[in-house]
Amino acid sequence: MKGNATHFIASFFLVGIPGLENFHFWIGIPVCLLFVLTLLGNSIIITTVKLEPSLHQPMYCFHCMLAMNDICLTCSAALKMLGIFWFDAHRIDFDACLTQMFFIHTLCIMESAILVAMAFDRFVAICIPLHYASILTTSMVIKTGLVGLSRAILMIMPCPLFIKTLLYYTKYVIHHAYCEHMAVVKVANANTYVSRIYGILVAFSVAVFDLMLIATSYIKILQAVFRLSSQRARSKALGTCAAHICTILAFYTPALFSFLTHRFGKNVPPSVHIIFAILYLLVSPTVNPLVYGVKTKQIRDRVLGLFFLRRF
């Protein structure tokens with residue numbers, strides 16, 4: 001290969017939402033609103049759990065992990081989106097793009113791992129409650145978080161490394177609002193087969209493996225719940241799972257739609273795919289603290305007590 005056949009680019013140009021460039025300013029308003037609500041809601045959850053000793057339990061520790069992960073995920077994506085939508089800051093350095101890609105996808109896999117851990121927490125609490133304290137110790141909760149984070153880092157690390165090997169580019173325009181892995185790979189003027197296959201395998205394996213673990217936990221939970229003789233006990237047990245189920249739906253539904261349309265939806269307009277990709281990153285982190293604030297009585301009561309009732 002001749003050295004001057006192609007050239008290595010220093011930066012990419014993020015289009016935003018193709019076809020809707022004239023509406024970028026208005027699209028930025030809900031993006032900013034979701035960003036602010038995510039920061040506010042998740043910060044309240046973390047502060048409430050930290051300040052209230054009665055919430056220093058494994059389930060609420062997982063809530064804090066989820067809240068911290070959501071804040072980091074939203075910051076990784078939303079700030080650049082707002083720069084594009086409001087300030088025409090479309091340029092992003094090559095290394096900065098790979099860094100954003102790494103953090104977004106790592107945090108998404110970490111989010112999935114936390115949801116699996118929360119499903120296991122509910123399984124232990126409902127199916128083997130007498131062993132709850134001995135199984136889900138503080139040490140176990142920390143180790144679970146570290147394992148989830150390690151898995152995410154190890155699975156995503158090859159993605160930017162593979163892209164780094166694609167040194168020669170002739171295109172630099174990414175038709176997306178952030179540096180999504182497949183969108184970055186598509187602009188490479190080289191054989192991207194390894195990067196594409198690896199990206200698909202990572203997304204597919206995480207979704208299938210984690211959803212199988214979550215489904216298994218809830219099958220066991222339902223079996224245990226329906227063996228209870230009291231209707232009140234059944235309702236209480238299922239009520240503790242309601243917030244988690246809402247969180248799972250809020251995270252996996254747009255994630256699966258975004259993944260499937262990007263890889264297989266050739267007739268889906270790019271703008272639709274990108275809008276769903278944005279919703280995937282921003283809606284779930286916004287909804288999670290609202291769901292836990294409304295559905296979890298302990299958190300709801302403590303939030304009201306800490307932030308509102310004390311004022312009167």
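A Cβ is built for glycine as well, from the same backbone N, Cα and C atoms used for every other residue.
Summarising the annotation, TrEMBL assigns domain 'G-protein coupled receptors family 1 profile' to 41-292.
The feature transmembrane segment is assigned by TrEMBL to 23-45 (among others).
Within its own chain, the transmembrane segment (66-87) has Cβ neighbours under 8 Å at 14, 16, 24-25, 27-28, 31-32, 34-35, 38-39, 42-43, 45-46, 100, 103-104, 107-108, 110-111, 114-115, 118, 177-178, 247, 278, 281-282, 284-286, 288-289, counting only residues six or more beyond its boundaries. Residues annotated as transmembrane segment in TrEMBL: 66-87 (among others).
Look at TrEMBL and you will find 99-120 (among others) tagged as transmembrane segment.
Positions annotated as transmembrane segment by TrEMBL: 141-163 (among others). For the transmembrane segment (141-163), the list of distant contacts is 58, 61-62, 65, 98-99, 101-102, 105-107, 109-110, 113-114, 116-117, 181, 184-185, 188, 194-195, 198-199, 202, 206: same-chain residues at least six beyond its ends, Cβ to Cβ under 8 Å.
Residues or ranges marked as transmembrane segment by TrEMBL: 197-216 (among others). With a threshold of 8 Å between CB atoms, the same-chain residues lying at least 6 positions outside the transmembrane segment (197-216) that come near it are 105, 109, 112-113, 115-116, 119-120, 155-156, 158-159, 162, 181-182, 185, 248, 252, 255-256, 259, 263.
Annotation comment: TrEMBL describes 237-260 (among others) as transmembrane segment.
Residues annotated as transmembrane segment in TrEMBL: 272-292 (among others).
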Self-check item: Candidates 23-45, 237-260, 272-292; stretch with most C-beta pairs under 8 Å toward the transmembrane segment (99-120)
Solution: 237-260
